[in-house]
Amino acid sequence: MTRKILVTSALPYANGPIHLGHLVEYIQTDIWARFQRLRGHDCHYVCADDAHGTPIMLKARERGITPEALIAEVGEEHQRDFADFLIEFDNYHTTHSDENRYFAELIYSRLNQAGHIDRKVIKQAYDPKLEMFLPDRYIKGECPRCGAEDQYGDSCEACGATYTPAELKNAVSVVSGERPVERESEHYFFRLQDFEAMLREWASPEHLQAEVANKLAEWFKEGLRSWDISRDAPYFGFRIPDTEDKYFYVWLDAPIGYMASFKHLCERKGLDFDDWWGPDSTAELYHFIGKDIIYFHALFWPAMLHGAGFRKPTEICAHGFLTVNGQKMSKSRGTFIMARTWLDHLNPEYLRYYFAAKLSASVHDLDLSLDDFTQRVNADLVGKLVNIASRCAGFIHKRFEGRLGETLDDPALYRQFTAAGEHIAELYEKREFSRAMREIMALADQANQYVDEQKPWVLAKQEDQADRVQDICTQGLNLFRVLVVYLKPVLPRLAADAEAFLNLPEQCWADAKTPLLDHGIRKFKPLMTRVDPDRVQAMLEDSKKTLQPKGEPQAAEAGPLTSDPIAEQIEIGDFAKVDLRIARIEQAEHVEGADKLLRLQLDLGGETRQVFAGIKQAYRPEDLEGRLTVMAANLKPRKMKFGVSEGMVLAAGPGGSDLYLLEPHQGAQPGMRVK
């Protein structure tokens with residue numbers, strides 16, 4: 001039965017280029033959508049640029065252009081990069097569109113009429129020079145708790161404290177350098193708590209991965225709160241109906257971009273929008289997203305849709321983050337790789353295959369190990385897959401005028417290959433791509449083993465074995481064709497080249513069941529070359545250059561004491577007041593809604609403490625668990641908006657990704673005092 005499937009990826013923000021971290025999601029989604037089409041389903045894949053918000057407005061101002069000009073320029077770059085990575089959208093749009101304005105206003109109006117929108121006055125930081133309210137990230141100053149300088153307006157990267165911009169000492173606007181003042185403003189809030197019963201029922205394994213469903217259970221336990229959906233002028237976005245200076249917050253109209261892009265497709269293709277988005281739609285709707293935006297997609301988005309009379313998603317498909325060589329992407333190491341830099345040096349299908357070989361249906365992070373990448377692509381795609389065709393095609397072309405035989409040498413082996421198709425299809429369907437790639441490469445091993453055992457190059461020297469040679473090579477090329485069909489969602493360009501070589505029209509999944517017999521093929525040309533390690537290294541070097549700041553060469557960086565001099569002297573008794581203890585990190589996890597914090601559960605040797613640490617940009621939670629560190633154990637517990645922090649872990653470094661937790665030497669035990 002043909003299914004109706006609509007697939008989306010999260011919208012890339014329109015103020016910068018696409019990098020490999022972004023591509024994890026778009027490649028994953030594209031593979032899944034291509035697979036559905038290959039199976040004969042009516043599948044549409046839409047996306048758009050997320051084109052609103054303060055960062056876009058300020059970047060355009062900095063460059064002396066309009067926001068519209070900036071998003072148009074970035075949008076063209078995004079679409080070029082996606083096209084060159086063979087991401088096949090049915091429609092790519094922008095949230096700065098008539099369709100998006102229409103749906104944003106419609107959804108807001110329906111929610112407002114139903115009583116799900118509140119208004120209340122809040123206090124915010126205001127830049128008197130630019131005459132604009134400032135998001136927390138655009139305010140910096142000294143932490144009111146530990147005194148660390150150059151901290152953002154919502155939390156301290158040094159000690160993990162959270163606070164309001166008004167509490168920040170010596171605060172300045174990052175944009176103008178002026179000291180912000182506090183002003184009141186009326187904001188609009190979406191009453192998420194009105195939909196708790198519906199969300200609890202919807203948030204099941206049918207719609208969410210188990211890890212995500214468990215996370216939602218935690219949020220339900222904490223209680224759902226109203227969500228601020230408005231921003232004050234000046235702001236680049238859509239004005240809220242019946243207001244003079246209030247705009248929809250970017251996170252309200254961003255997911256609505258899925259609807260807007262599909263509406264744009266409907267207008268181009270003559271599709272019925274309500275068949276896909278109406279409350280009684282039988283179509284399937286899948287959102288592929290990163291695990292950092294689950295709150296928006298698994299709570300706010302289905303609540304907005306339900307409250308406005310639209311259907312809810314069939315499934316939210318979350319994935320983890322990308323690391324390179326086991327570490328966060330790094331500009332200094334050249335591993336913060338832009339899509340265009342990769343394309344300048346390497347085949348995009350190399351990366352598509354490697355990501356597929358590592359992706360599963362879980363939210364675990366994915367590591368791009370460049371040594372493993374080189375070895376795996378060369379072994380699997382060149383040494384196994386393409387090798388089958390190159391070993392057999394020459395005999396068919398030279399000895400049999402490019403014509404396959406009328407029979408297979410081993411029909412049972414061919415049936416084994418085609419029978420594997422349903423299991424491989426199940427793995428694709430479940431987004432278990434890594435398992436699918438292993439199954440396909442196991443078949444490729446069998447195909448190569450078959451050719452090795454039959455030795456057509458030996459038989460070709462015997463005149464009475466000509467028919468057998470033709471049948472063996474016909475068998476090998478048919479096995480190759482089956483594998484290409486199975487890999488077509490991952491390697492669309494190689495598949496198209498293979499179809500041309502085999503003199504075939506575009507293949508679908510079902511075509512693999514029928515062998516090619518008594519069929520003319522074209523002369524074989526190499527379908528893929530080996531990854532050259534020198535080109536990988538050149539790409540890394542280019543990444544370093546691409547990300548270097550422009551302008552005059554900078555003087556050598558001063559040492560830490562220059563920018564952060566030693567504090568005033570204290571008495572030994574002052575230091576003795578701080579009780580430093582060894583602690584083992586039992587558990588570490590992201591804090592939803594916090595850009596810089598991790599929640600740590602620390603074992604003090606008989607007592608467990610919860611600490612919020614501003615180290616999210618420097619460490620992955622799974623890398624911390626089980627490690628020893630040092631904590632200040634006698635600090636008064638501090639109530640934060642995410643919970644109570646019962647101490648502080650110690651780290652060195654200026655902040656951000658350059659933070660280094662203190663670790664004791666071997667032999668130290670949890671609870672030991674640091675003297």
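Each Cβ is built from the backbone N, Cα and C atoms, and glycine gets one as well.
The motif ''HIGH' region' annotation in Swiss-Prot covers 12-22. What Swiss-Prot lists as Zn(2+) binding site is C143, C146, C156, C159, and the listing cites sequence analysis. The annotation motif ''KMSKS' region' is assigned in Swiss-Prot to 328-332. The ATP binding site annotation in Swiss-Prot covers K331. Annotated domain 'tRNA-binding' per Swiss-Prot: 574-675, in sequence order.
Of all Cβ atoms in the protein chains displayed, 23 besides its own lie within 10 Å of the Cβ of C159 (Zn(2+) binding site).
When Cβ-Cβ distances below 8 Å are used as the criterion, the motif ''KMSKS' region' (328-332) is approached by residues 19-21, 322, 543-544, 547, 617-618, 620, 657 of the same chain, each at least six residues removed from its ends.
Here the motif ''KMSKS' region' (328-332) is broken down by DSSP into helix, strand and coil counts: 0 helix, 1 strand, 4 coil.
Shown are the binding-site residues C156, K331; of these, the residue with the fewest other Cβ atoms within 10 Å is K331.
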